[in-house]
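Quick notes on the structure that follows.
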Amino acid sequence: MDRSYGVFQSSYVSDESTILSRAEARDGALIALVGTLGAGLTWGGSIVINPLMVRTKDRRYITVSGVILMSLGFALASLATRIWHLLLTQGFLYGIGSSMMYFPILSVAPEYFDQHRGIAMGFVLSGAGVGGLVLSPIIRLLIVKISIRWTLRFLCFLNLVLSLPIALTIAPSRFTSRRPTHIDISTARRPTFLLSTVAAFLQAGGNLIPLTFLPEYSTVLGYSPGFGAVLLAINNGINSASRIVAGAAGGYNALFPTTIAEVFGMQAYASVNGFIYFIRGMGSLFGSPVGGAILGNSVLANYRNVVWFDSALLFGASLCVIGS
């Protein structure tokens, strides 16, 4: 759902917004924080969820609780009238619940796949892109047809129907002994770890900016909001395919979780993965709100400044990955 938030952003800031007052609808930076808070907590929650998974015998308690919190976030967001209502519901509640669902699923592939770990992780992570590909145009259509409030209620129901069966059938951990949940000093001092951490922060900050502002940007260029949702869907489709290709590329161009498992070992996977995803969460909380502040009024020249800012973040992340 994080990868479809741009559709909500475009609706919340429009003059026809039925949730926010016209004065609040002009605060694009704070509205962007709703989506980035959800994404940031999804990733940043790793620093709590990963140790919790190590200490919990049955991960289904975590995943089912996560599904309930996500649906509760959507349901309460449908009653919102202020930005801070959305921050608490579609941002905070959804983000915490999403993290409780995300990391138990993410931990399965590295544990169960030894020879084809990269491809397995590629398929797992591609699900986010597929979700954005399918949901972005559907959410836009629902907002037009049944209103944004009923769209949020529909997502509450859809999340329960689709996610509960997955939460109830999550695979158990293959490790019988408790793994470390804190990073040791020798690992923290490795240049590979330090560069990976900086890369994670910069990449997360740059990754969410197009997803947040692309539909809104398309309307400034004169296109319809529906076309903006289609652009977002295309972005997600390409992202999904790219993750599979990156996973299949193995040691040359691997995904972050696969790299962590291969470089630091499976025993350190929970601690290193948890910390790096926490840094990614912090990066996502930095990128889009700063982009919204740079944007200010939705004029074409300001969007170009946001593009330059995003390019700088992603270029810096690329340099760190190459250096590691």
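The backbone N, Cα and C atoms fix where each Cβ goes, and this holds for glycine too.
The domain 'Major facilitator superfamily (MFS) profile' annotation in TrEMBL covers 1-324.
Below 8 angstroms of C-beta separation, residues 1-2, 5-6, 8-9, 12-13, 20, 62, 83, 86-87, 90-92, 94-96, 98-100, 102-104, 204, 208, 211-213, 273-275, 277-278, 280-282, 284-285, 287-289, 291-293, 295 of the same chain, each at least six residues beyond the ends of the transmembrane segment (29-49), sit close to that stretch. Annotated transmembrane segment per TrEMBL: 29-49 (among others), in sequence order.
Annotation comment: TrEMBL describes 61-85 (among others) as transmembrane segment.
Marked as transmembrane segment by TrEMBL: 91-109 (among others).
Per TrEMBL, transmembrane segment is recorded for 121-144 (among others).
According to TrEMBL, the feature transmembrane segment maps to 150-171 (among others). Residues 1, 59-60, 63-64, 66-67, 70-72, 74-75, 77-78, 90, 101, 104-105, 108, 112, 139, 142-143 of the same chain lie 6+ residues outside the transmembrane segment (150-171) yet bring a C-beta within less than 8 angstroms of a C-beta in it.
Under the heading transmembrane segment, TrEMBL lists 192-214 (among others).
Taken from TrEMBL, the feature transmembrane segment applies to 220-238 (among others).
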* **Same-chain residues at least 6 beyond the ends of the transmembrane segment (61-85) whose Cβ lies under 8 Å from its Cβ atoms** => 1, 19-20, 24, 27, 30-31, 34, 49, 52-53, 91-102, 104-105, 149-150, 152-153, 155-157, 159-160, 163-164, 166-168, 170
